[in-house]
Amino acid sequence: MKECPPDYYKYLDRRCLKRDKCISMPKPIELHATNEIAFPYKIFNGSCILHCPADYKSDYLNHTCIQCGGRCEKYCDGINIDSISLAKQLRGCTHIKGSLEIQIRGGSNVVNELEENLSMIEEISGYLKIVRSFSLVSLNFLKNLKRIRGDSLENQKYVFVVLDNQNLQELWDQENKTLKIDSGRLFFSLQSKIVKSVTLEWKQFKMDDQRKLLGYIVYCIEAPHKNITMYDGRDACGQDNWRVYDVPYQEGELTVFQLLPNLKPYTQYAFYVKTYTIASERTGAQSRIKYFRTKPSMPSSPQNLQVVSNSSDSLIISWLPPANPNGNITHYIISCKKHSNGDNDSEDRNYCLDPPTTKPVPPQISQPTPPPKNDTCSCEDNPHSGKPLSINELEEAARIKFEDELHNQVYVKRYDLHGLIKTKPMNLNIYRPGSQIFRDQRTKRDTIGEPFPNRADNHSLIINNKIQNVTENGTNIWISFSRPVYGHTEFFTDRLHHFTFYDINVQACREKEDDKDNESTCSSTSMQTKRTQKKRNKSLQQQTVILGGADHIREVHITNRTLDSITITWDQPKDPNGIIFAITVEYKRVDIENAKPISLCITSKDFKNDSSYSITKLFSGNYSLRVMATTSAGEGEYSPYVHFYINEPTSNTIVIVSVTIIVFLGVLLCLVWLYRKHQKERENLRLFPSVNPEYIPSVYIPDDWEGSFGMVWEGLAHDIKGKPEIRCAVKTVNEHATNSQDDQTTPLRKVSDKLGGYTPSESQDSDELDIDTHHQFPSISESGVVTTTANGYVSGCPTNGAATTQC
């Protein structure tokens, strides 16, 4: 099917979709990170498209494209393009709000894709940076770029950066290109394929019939020396190293111009020009061999930079000249800067379980191999492979070494709750050119030997992208310095801090040819990071004097002593090899033969604020003790022994301790007794309802005595039901009882008479009504019959309304 049916629209030239289906499709996954709307597809010219064509802009309301009446302006945010998919996000953009960085190392059809997606960019508000994009030959994909404003700059300095694009040969077509830069500088570095060009000029060759002259042939070849003949670089087998340029005849021109492109900087060439005529013409002309040298350019970086530490305060630096000097190399610039984050104390790392490891590196002096002369082919063989070691192999070896060091610095061990070793990325700090470091360290400028500035206006070590000469406060130890080196490829530096990382940079600088020479005279830097050796212990055995190293703890003090413990303090090393990670305390009994020492490891978190530690559970006896620090350089030297004695407990001590224990136990028992008594009293205060078993089977029946009871007494009934004593309540008849109720023969009346008609006053309480007198009364049998007993009696007191109990 070549065309879609009515009401259907072509999609990707392979499907037909309805309008609703087209405009409801979400944006592709590569546009999820952009500001593109969620449903960007639209209908235009019978197709379902994602992006509008040139000079059209999107109408998202009606899902179509409308014409701009000229070039459409489209504003997009700055981006770092490292793939083709990211480049597609800038399709149709004319203005970049921010900076544009391009770093594409691979991909298919890269140049065409960049031209298709970036060709409409006209203005960049920030900076433009193109770095390590090996597939780029030119920057013609930015053919419409007209302005870089430089509102934000790379490293606060550069607005246009082109760095390490190995195949870049030209920027863009210079004839129709005008680029305006509002602020900032340009930075071009390591463009190995950016080459020089030379324009030759000569007068037109005159012939009797100019029609016989078809043109000219220009031959050119590199010529280190001015002794080239036209037969050099050619043989009978067709080998020809001469470059050939065909120049057509330009009718009417008196002077001929020819551009010789793609020439190496600061290289001498030989050339000659020969006429090209018709075959039947027997006359012609050929010039003499002449020479010219291309203009110089920025040198390449020095090769095979090596840094070796042969002591705790010095480094030996060596290198080879640059592979492409691109000029007359006059000197090198050596700069050295103290590394700001050489050691990091990880709070999650237990340095007692996982101590720092250091690989001992024997001192050695590197002798760089001089480059081979032009008239020899000798190469130093690689002892490991038996093949010549190329520059690329040296760079690869340096890269591998750098990655190994990077992993060692960034990742450290840490322990989880179960004691398993994990790796944790540390905070790692990277400083760009122009940044200020060592802000918190007071510095002074060195004024000895060379006319350096004699005062420090600020603490920055990098001013105008140049390393300044700065020493540590109060010393002559370098924090940073910069030195020119003439006529040598080796440099020795001392006055460095022990066991400290230093960044070493070497630049090659050439001679400036003339006032029109605007190319950079110094190369980019070759850099190595090296650590000085640790400060070691020096022993003078003849004088029995030991000069401790940087990690040596010289003084240990016993500050507190008890019956079974001591507290020690020590003087921390003032200038250790790096950072103190842990302290080892070793002690042993000296009054016991062959006693084994006991070692205790203390992490830095335990003594960071106070250099002290308490040792407990010591038995009586004579002890020796010493202390050792563990730093970034490993274990240091032990301190001198200190001795202490734990006394045995005396008899008085035993008595005092025994009495103290007895008193303590007595007090404890008293407290327990009081507590239990209090608990029992609280339990007695509780009310527990109960049922008198004597009343369970009976039902209360009112009798004639209801309403005629008098005082109720609490009493004790003796010899009832075989029990010697039972608590009971005794009812008495009140004075208002009727004659029938006031029967003198009833038990109640007899008890009332025995009590003497005693009636307590209202002011008396139960405590005042205790009666000790026993009153005889007839006992009451189980059947309720009154019987007389000799010993049956009741004693009691008024209950003031207590519940009655029939006995």
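Cβ coordinates are placed from backbone N, Cα and C, and glycine is handled just like the others.
Per TrEMBL, the feature compositional bias 'Pro residues' maps to 357-373. Residues or ranges marked as compositional bias 'Polar residues' by TrEMBL: 520-530, 735-747. Sequence annotations record features per position, and here TrEMBL assigns domain 'Fibronectin type-III' to 182-297, 301-400, 552-649. According to TrEMBL, the feature region 'Disordered' maps to 340-388, 513-540, 735-769. As annotated by TrEMBL, transmembrane segment applies to 654-675.
Helix, strand and coil counts under DSSP for the compositional bias 'Polar residues' (520-530) come to 0 helix, 6 strand, 5 coil. Remark: secondary structure over the domain 'Fibronectin type-III' (182-297) totals 3 helix, 55 strand, 58 coil, with classes taken from DSSP. Helix, strand and coil counts under DSSP for the domain 'Fibronectin type-III' (552-649) come to 4 helix, 49 strand, 45 coil. Summed and averaged per residue, pLDDT over the domain 'Fibronectin type-III' (301-400) gives 71.
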